[in-house]
Amino acid sequence: MALIAILAGDGIGPEVTTQARRVLDALGLDHQFEDGLVGGAAYRALGHPLPPQTLELAHRADAILFGAVGDPEMDGLERTLRPEQAILGLRKALGLFANLRPATMFPGLEDASALRPEVARSIDMVIVRELTGDVYFGDKGRGHTKMGLREGHDMMRYDEAEVARIARVGFEMAKRRKKILTSVDKANVLETSQLWREIVNEVALDYPEVKLTHMYVDNAAMQLVRNPGAFDVVVTGNLFGDILSDQASMCVGSIGMLPSASLNEWTGTCGLYEPIHGSAPDIAGQGKANPCAAILSAAMLLRHSLSDEASAQRIEAAVIAAIGSGARTPDLGGSHSTTAMGDAVLAALQ
Ligand SMILES: NC(=O)C1=CN([C@@H]2O[C@H](COP(=O)(O)OP(=O)(O)OC[C@H]3O[C@@H](n4cnc5c(N)ncnc54)[C@H](O)[C@@H]3O)[C@@H](O)[C@H]2O)C=CC1
Ligand SMILES: CC(C)CC(=O)C(=O)O
Ligand SMILES: [Mg+2]
């Protein structure tokens, strides 16, 4: 029996996580669930966005289903107490360096894409985003210039081991798919990216069967809307991966459709699974959130952390069938509530 920690968080986090939990329950598997406080909800109750008891639960669990954190009322808090520190802290504490973000066009959703249907139809890609380095975790601070102007800095840095291990995840993933890997960087400007490219080329020697292309991030953003079907696996750093994956989500219809897995090794023993979106304060509490990304994250949890491919596929098939039957939340142009969308997925579960 596995222990699944549920960290629902803030805003729409609890709304979408509730639907994912319903789907997991309906599978009738013998797993145990334990809820933990995280983000703004944890700060309100316990004075810290990632309290020790939540961190302890995360370490004890076999896998974590995460909702989202973030609360506009807490934007003024010092950075270390902001709700977002909870997810950053979990990624660092659990060593979750590999973030897999699949973007696939679901049949019937072409019209919801921001792209023309004939362009959108061919999208089937995975963004492999490095998750514990880069400007997100580099030295940061505030100060004043000699002229007395306020300044801020965030250090972008990677060492060769950090680049090599995420590159390997990208190559392994590509090897199992169409054998096309695009490494995205900004090596024409950034020293960090030059090292990135050097190391990716070294790792490539172990994967002669994978076709490797290097692409600058500005071009990648453009190609992602021009010809997204050309991408198979994209490997990139923390910042570029964060931005490109939100962009990829609109190419397949909605940010409410993209799940993710954050792993600390290729097969992942303990992993954290979350929709790529945030707490969406603009729609929180209104029953408008699309729960598909959270439900699909639960499928990734079963696949990567619990080695239960059959159950993962049952969930994915149910989401495809629910979409196929016309179920749509407002972000997809429909009028299903969050719960009604969950109902549609449950009804389609075979
Ligand atoms: N992993 C996490 O917990 C993340 C947390 N955040 C935090 O979330 C808060 C809000 O950030 P935003 O920049 O507004 O990004 P967001 O992803 O929360 O929302 C962006 C837009 O997408 C819409 N949206 C997001 N998820 C949706 C869903 N499931 N169904 C329908 N529409 C959806 C929202 O309504 C909003 O208009 C901030 O505090 C931010 O720091 C942002 C991204 C990731
Ligand atoms: C710390 C999070 C707010 C970063 C983010 O946007 C993400 O991981 O998608
Ligand atoms: Mg993001």
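Note that Cβ sites are derived from N, Cα and C of the backbone, with glycine treated the same way.
When pLDDT values are averaged over the domain 'Isopropylmalate dehydrogenase-like' (3-345), the model yields 97. Taken from TrEMBL, the feature domain 'Isopropylmalate dehydrogenase-like' applies to 3-345.
As annotated by TrEMBL, substrate binding site applies to R91, R101, R129, D218. The Cβ of R129 (substrate binding site) lies under 8 Å from the Cβ of N99, L100, R101, T236, G237, N238, F240, G241, D242, S245, each of which sits 6+ residues away along the same chain.
The DSSP secondary structure for Y136 (site 'Important for catalysis') is helix. A 10 Å cutoff on Cβ-Cβ distances gives Y136 (site 'Important for catalysis') a total of 19 other Cβ atoms nearby, all chains included. The site 'Important for catalysis' feature in TrEMBL is assigned to Y136 (among others).
For K186 (among others), the entry in TrEMBL reads site 'Important for catalysis'. For K186 (site 'Important for catalysis'), the number of other Cβ atoms no farther than 10 Å from its own Cβ, over all displayed protein chains, is 21. The DSSP secondary structure for K186 (site 'Important for catalysis') is coil.
DSSP classifies D218 (substrate binding site) as helix under the three-state reduction. Taken from TrEMBL, the feature Mg(2+) binding site applies to D218, D242, D246.
According to DSSP, D282 (NAD(+) binding site) sits in a coil region rather than a helix or strand. Sequence-distant contacts of D282 (NAD(+) binding site), defined as residues of its own chain at least six apart whose C-beta falls under 8 angstroms from its C-beta, are absent. As annotated by TrEMBL, NAD(+) binding site applies to G278, S279, A280, P281, D282, I283, A284, G285, Q286, G287, K288, A289, N290.
Cα separation, D246 (Mg(2+) binding site) to A284 (NAD(+) binding site), rounded: 19 Å.
Annotated pair D218 (substrate binding site) and K186 (site 'Important for catalysis'), C-alpha to C-alpha distance, rounded: 8 Å. Proximity of the binding-site residues D242, G278, A280, D282, N290 to ligand 1, judged by a Cβ distance under 6 angstroms to any of its atoms, singles out G278, A280, D282, N290 in sequence order. Ranking the binding-site residues Q286, N290 by how many Cβ atoms sit within 10 Å of each one's Cβ puts N290 at the top. A Cβ distance below 6 Å to any atom of ligand 2 is met, among the binding-site residues R101, D242, D246, K288, by D242.
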